[in-house]
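Here is the structure we will look at.
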Amino acid sequence: MVRAWRILQEETDDPRDALYSDESVSLEQLAQVGVEYFKFDADTFEQNDDYLKLKNNRGYSYSDTISVSRATLPDFDAKIKSFFEEHLHTDDEIRFILDGSGYFDVRDLDGRQLRDCWIRIECVKGDLLVLPSGIYHRFTLDKKDYIKALRLFIGVPVWTPHNRPADSMKERLDYVSKYLTATT
């Protein structure tokens, strides 16, 4: 089962630190900010009916695999730094963790949006996360410095980060309308 918690203080020299707090976040709370979570066996998912149904029902027609480590990713330090810049995408970001681990941080909306607090989601082998288009987020590895993920896309893959501020983008406005104003 996925573990998630609010980051109450970010004072660290290393974003790969867990930054644990005692404010855990449930799947229901993740859903309130638009994040969806699924669990599949990463070794047999291609034969899993529930995974295939999810993929087909949502139109995930393209996938590729990314391996993030010092040995596999050219310009590793610069890439990791760019992944950790707060950004959004115009499409959903769908990641299925095949091996390794890391953290997705998404903006908290529990009255803390204005204080720029984060929810940290620990991603491990078998976790499939869907981050909705328009959500501000960032990614970092954990101290193991390795993750391998299947990236799923609808149609032609587009992975263009739009760094904050991007509040006037249609996708951000749609996200705010659907998730943030619905709870205030």
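Including glycine, each Cβ sits where the backbone N, Cα and C put it.
If you look up Swiss-Prot, you'll see H87, H89, E93, H137 marked as Fe(2+) binding site. Non-local contacts of H137 (Fe(2+) binding site) by the CB criterion (under 8 A, 6+ apart in sequence, same chain) comprise E86, H87, L88, E93, F104, D105, V106, R107, L131.
Non-local contacts of H89 (Fe(2+) binding site) by the CB criterion (under 8 A, 6+ apart in sequence, same chain) comprise L131, S133, V158, W159, T160, P161, H162, E171. Among the features that Swiss-Prot reports, Ni(2+) binding site is placed at H87, H89, E93, H137, with the record citing sequence analysis.
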Legend entry - binding-site residues compared (H87, E93) - highest count of Cβ atoms within 10 Å: E93
Inset, instruction - Let me know the DSSP-derived helix, strand or coil state of H89 (Fe(2+) binding site), please. - result: coil
Legend entry - Residues close to Fe(2+) site centre defined by H87, H89, E93, H137, Cβ within 8 Å: L88, L131, I135, Y136, R138, P161
